[in-house]
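Peer 1: Sharing a structure, written as structure tokens. Questions coming.
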Amino acid sequence: MQSAIYETWRHVFKLDPEREISDETLDAVCMSGTDAVIVGGTTGVTYDNTVDLLSRIRRYEVPCALEVSGEASAVPGFDYYFIPMVLNTDRAEWLIGHQVEALRRLGAFIPWDQTAAEGYLILNPDAKAAQLTGARTDLDAESLAAYVYMADRLMRLPIVYIEYSGTYGDMSLVKRACKSVTGARVFYGGGIDSADKARQAAEAAHTVIVGNAIYDDRLEAALSTVQAVRETVCGLRG
Ligand code: 1GP
């Protein structure tokens, strides 16, 4: 089987279609040497703002994936599609409900060989995604390990996404998750706004994702994470 393009990604910038980004900033992000750009957001993502952002990113060669947060924003033309499934929620609609609804209409049109599920573990209670999905964020190390077994060994999801969006997470938990997976790639995102944090995250996870720092007057710091991740060896599989 051909390996998926994201399996080589170490550093990724995540861009939110709802947020304004100037041409200069977008140019810096797309020319930064990052492995890929993921387009995605929790709220306010529409067909129009997703198409608009895609067409601007397409001026560059950087691979571009869509994290599909809703049926309305399922825009064709991306290199890859990620379908989030929130594992640590009791609300089944965020695990498979919305996804099944979308598949009823779109299942026959999905480019399946360019599409992968992400098992999301949302661990920052203040993150918009945690509040929207009712995520149980107060997981201790044993519970997190159990979710990782569920995602990796039982569900055989290709990606486990440890999401601390908005705050820097506990790298010892991330590292432990990363050590225990056998097939899944571990994505880490949350609060990376310096080369140091990027380095630590890159030691702990297979793929490091940087979002907010691009927008919050910390562009230079955000850009510094690319080189920091590149220089860091992940001592783990992948
Ligand atoms: C968000 O995981 C990403 O989905 C990145 O998090 O925005 O905190 O960098 P930040």
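Any Cβ shown, glycine's included, is placed from N, Cα and C.
Annotation source TrEMBL lists sn-glycerol 1-phosphate binding site at Lys14, Tyr161, Ile162, Glu163, Tyr164, Ser165, Gly166, Gly191, Gly211, Asn212. According to TrEMBL, the Mg(2+) binding site annotation covers Asp16, Thr42.
Help me picture where these features are in the structure shown.
Peer 2: Long-range Cβ neighbours of Ile162 (sn-glycerol 1-phosphate binding site) (same chain, at least 6 residues apart, Cβ-Cβ under 8 Å): Leu121, Leu123, Gly169, Leu173, Val174, Ala177, Val186, Phe187, Tyr188, Gly189, Gly190, Ala205.
For the recorded site, Thr42 (Mg(2+) binding site), the DSSP three-state label reads coil. All chains included, 19 other C-beta atoms sit within 10 angstroms of the C-beta of Thr42 (Mg(2+) binding site).
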Peer 1: Which binding-site residues among Lys14, Asp16, Thr42, Tyr164, Gly166, Gly211 have CB under 6 Å of ligand 1?
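Peer 2: Result: Lys14, Gly166, Gly211.
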Peer 1: Looking at the binding-site residues Gly166, Gly211, which one has the fewest other Cβ atoms within 10 Å of its own Cβ?
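Peer 2: With the binding-site residues Gly166, Gly211, fewest surrounding Cβ atoms within 10 Å: Gly166.
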Peer 1: List the Cα distance (Å, whole number) between Thr42 (Mg(2+) binding site) and Gly166 (sn-glycerol 1-phosphate binding site).
Peer 2: 12
Peer 1: Return the maximum Cα to Cα distance in Å (whole number) over the record's sn-glycerol 1-phosphate-binding residues: Lys14, Tyr161, Ile162, Glu163, Tyr164, Ser165, Gly166, Gly191, Gly211, Asn212.
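Peer 2: It comes out at 17 Å between the most distant Cα atoms.
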Peer 1: How many whole Å apart are the CA atoms of Gly166 (sn-glycerol 1-phosphate binding site) and Asp16 (Mg(2+) binding site)?
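Peer 2: For Gly166 (sn-glycerol 1-phosphate binding site) versus Asp16 (Mg(2+) binding site), the Cα atoms are 13 Å apart.
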Peer 1: For each of Lys14, Asp16, Tyr164, count the other CB atoms within 10 A of its CB; which of these binding-site residues has the top count?
Peer 2: Tyr164
